[in-house]
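Student: Sequence annotations record features per position, and here TrEMBL assigns region 'Disordered' to 1-24, 49-80. Among the features that TrEMBL reports, transmembrane segment is placed at 174-198, 268-287, 293-313, 420-442, 454-478, 498-517, 544-570, 582-603, 629-649.
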């Protein structure tokens with residue numbers, strides 16, 4: 001059975017307890033010259049020290065032998081280096097911890113996410129129509145412009161993640177960019193309110209729009225609109241990688257039941273995303289239809305303003321993590337140091353060992369030490385200490401040049417980022433499908449009957465149905481899927497994060513395959529019943545609610561794939577790079593938007609032949625085009641992508657393993 005196959009992406013790890021964890025010695029790359037070396041443990045015994053130097057004994061540096069003492073299980077469980085701090089950067093006293101963080105603080109953050117998603121989806125579904133009907137841009141051009149907006153707002157999320165992890169921290173990054181987001185929405189409201197910012201609407205009826213006879217927008221009018229749109233996109237980019245991570249920061253990773261709370265947090269977080277989307281596809285669409293564009297965009301601005309006030313009101317309750325300094329700089333240091341020592345031999349006479357600082361804390365502020373792994377051995381040379389790597393530093397004993405010698409923890413950060421990359425990369429295809437559904441399915445709905453008894457939904461409300469499916473699945477997740485999956489997999493949470501991602505990708509294949517089947521039937525029905533040229537006329541005997549099947553399937557795909565991806569990236573990313581890790585998911589989403597636009601352009605160019613009178617698959621008249629062929633192309637690409645993901649998931653080893661009894665995260669050995 002297909003879903004069961006998805007569950008078998010990898011077996012759940014066996015339960016372990018900290019006491020059962022064996023001590024592990026670093027393994028240097030296997031070279032024959034090492035046989036002549038007497039390998040020793042690191043002299044670092046993890047005493048309290050944050051200095052980038054080796055431990056000393058009676059003023060004498062303890063040499064690093066060919067091995068390394070990994071963090072103890074107790075130190076790992078204690079989460080050294082990740083102590084929560086207050087807004088001033090001072091550690092929160094143990095007596096004050098119960099009054100901060102937890103679910104109360106998280107719910108203030110949920111409110112911000114609801115409004116952000118409401119604005120994001122409100123613009124995604126309305127801006128195409130606004131550009132087409134008000135700014136008089138061709139439909140294809142409008143759709144690509146909105147796809148680019150969606151892509152930029154997600155792909156540039158790495159900027160927000162970088163600023164949060166490097167300098168500002170997640171709170172101040174959210175505070176700055178959510179204000180920028182609000183300014184962009186206000187500018188869009190002005191664009192829809194001031195007549196001078198839009199072209200003349202005189203004599204522009206539906207027929208004139210279809211024929212392209214309406215007065216086009218002036219370049220400066222489009223420049224204003226696009227500036228406002230991209231300011232909004234930049235605001236979204238700064239918020240997106242930080243909100244989920246900042247919410248997860250409110251829970252103590254050293255407490256029992258942390259993994260269970262984290263799992264529920266990300267489900268509720270995506271529930272907040274869904275609530276915002278439902279509001280966008282219903283309330284905002286209703287306001288636009290009955291009160292106009294200015295009222296619709298103004299509603300989004302008011303919602304964002306209210307969410308900002310709610311977010312700032314929760315400030316006294318929040319727990320913070322110290323920014324660890326520029327993650328890009330640390331990555332660059334590892335790459336440069338490894339390149340400089342690319343010819344160094346672990347068996348050379350000058351070999352001292354792999355470098356790490358003393359004490360329980362790492363040299364990276366806000367991060368616990370990370371145990372050495374054997375992956376990417378060429379990066380280990382960045383931590384390979386040779387004679388002369390230590391620099392004399394008067395009054396401080398010894399220091400190092402970080403561009404020549406990096407700690408094991410710093411090297412492992414880079415390894416983790418490299419190991420994580422293939423997983424979000426495999427979700428790009430899901431984002432392509434979601435982006436195509438936002439535009440193509442709306443065009444399908446225009447040709448169908450959206451009335452059921454006395455209920456008549458506007459076409460632009462149709463995307464609410466996958467959101468309702470997501471809402472229902474998330475609400476029933478712990479009562480239905482989790483117990484059933486637990487019986488099949490033995491996993492304490494029903495399925496591992498990667499198993500859920502794979503299951504989501506499987507459902508995305510089903511959704512786009514069904515979309516192709518139904519579109520073939522819909523087009524054939526239009527041809528047989530004389531609707532070939534009437535592509536904006538609903539066919540009364542063919543219900544739009546057949547689209548619910550593909551909507552519900554893609555909703556299921558989102559629940560399993562994207563919720564698990566956020567949880568996976570937060571848990572697996574290095575402590576001081578969690579915002580950058582969360583940005584991976586947003587960047588994958590942005591790349592999917594860009595890829596959808598590129599795919600549409602390529603398909604249009606490859607399938608259109610004006611000389612032979614052959615229309616494009618993506619012809620504006622959907623009854624003449626072949627959307628079904630595009631859906632099946634997406635189904636083939638999604639299937640290939642799923643197979644690649646299965647290969648990646650089988651090879652991936654979780655960095656953190658959870659004890660089934662205590663649910664306390666411990667380092668994986």
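Glycine is treated like the rest: Cβ placed from N, Cα and C.
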Student: Using Cβ distances below 8 Å and needing 3 or more such pairs, separated by at least 6 in sequence, tell me whether the transmembrane segment (420-442) contacts the transmembrane segment (174-198).
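Tutor: As far as Cβ distances go (cut-off 8 Å, pairs 6 or more apart), the transmembrane segment (420-442) and the transmembrane segment (174-198) do not touch.
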Student: Contact between the transmembrane segment (582-603) and the transmembrane segment (454-478) is defined here as three or more C-beta pairs under 8 Å separated by at least 6 residues; is that satisfied?
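Tutor: Checked: the transmembrane segment (454-478) vs the transmembrane segment (582-603), no contact.
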Student: Which sequence positions outside the transmembrane segment (544-570), separated from its termini by at least 6 residues, show Cβ-Cβ distances below 8 Å to it?
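Tutor: Here the qualifying positions are 244-245, 248, 262-263, 266-267, 269-270, 420, 423-424, 427, 430, 433-434, 437, 441, 444-445, 448-450, 452, 457, 459, 462-463, 465-470, 473-474, 477, 497-501, 503-508, 510-512, 514-515, 518, 522, 538, 578, 581-582, 584-585.
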Student: In the same chain, which residue numbers or ranges, 6 or more beyond the ends of the transmembrane segment (629-649), come under 8 angstroms Cβ to Cβ?
Tutor: 9-10, 422-423, 426, 428-430, 432-433, 436, 440, 498-499, 501-502, 505-506, 508-509, 512-513, 515-516, 519, 603, 607, 617-618
Student: What same-chain residues lie close to the transmembrane segment (293-313): Cβ under 8 Å, and 6 or more beyond its ends?
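Tutor: Non-local partners: 108-109, 111-112, 114-116, 118-119, 122-123, 126, 130, 134, 174-175, 178-179, 181-182, 185-186, 188-189, 191-193, 279, 283-285, 287.
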